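Novice: Quick one: the structure is below, questions incoming.
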Amino acid sequence: MAKNGLVICILVITLLLDQTTSHTSRLKARKHSKRRVRDKDGDLKTQIEKLWTEVNALKEIQALQTVCLRGTKVHKKCYLASEGLKHFHEANEDCISKGGILVIPRNSDEINALQDYGKRSLPGVNDFWLGINDMVTEGKFVDVNGIAISFLNWDRAQPNGGKRENCVLFSQSAQGKWSDEACRSSKRYICEFTIPQ
């Protein structure tokens with residue numbers, strides 16, 4: 001009888017151990033399943049963020065293409081002529097509000113393209129603002145982002161305005177040569193938009 005009781009006790013202990021092991025395995029499986037769900041949730045959030053980034057980039061490209069249709073495309077830039085006269089700072093702010101900057105020619109090809117575009121889109125206009133100035137340090141010309149200008153296309157005897165004339169004009173009558181001018185003068189201008197690659 002004691003032997004039967006011992007056998008029954010061993011069977012009950014074995015069943016309890018088996019159930020405990022089975023329960024522990026199920027708990028581990030649930031934890032693993034929760035971790036996989038959490039990981040997938042993180043992956044989905046990352047994918048959604050990437051999609052939003054792509055959607056916003058496509059919106060920018062579409063807006064830029066609209067600008068390019070109204071203006072002209074040169075190399076990896078689009079140019080868009082202004083409607084009215086503004087002083088240098090207002091012109092730059094207007095270009096920024098449209099997603100661009102005041103035009104900055106970086107080589108002779110861009111000078112030629114600007115001259116052609118300026119004649120077509122700003123008929124009768126002798127000069128327009130460039131995104132170049134020496135407001136911070138006299139004689140050190142930088143673009144509107146503060147980067148030093150390496151390509152220069154000054155007209156004869158220019159720059160000549162000293163501290164009174166810190167902003168730069170593109171002169172149609174001087175075949176695209178530059179001159180310095182008082183930044184408070186009201187002039188036409190051309191905005192430049194970089195085409196994403």
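Placement of Cβ uses the backbone N, Cα and C atoms for every residue, glycine included.
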Novice: Taking Cys191 as one end of a disulfide recorded in Swiss-Prot, give the other end from among Cys78, Cys95, Cys167.
Specialist: Cys95
Novice: I need the CA-to-CA distance for Cys167 (disulfide bond) versus Cys191 (disulfide bond), whole Å please.
Specialist: 15
Novice: Here's one to test understanding: among the disulfide-bonded residues Cys95, Cys183, Cys191, whose C-alpha is closest in space to the C-alpha of Cys78 (disulfide bond)?
Specialist: Cys191
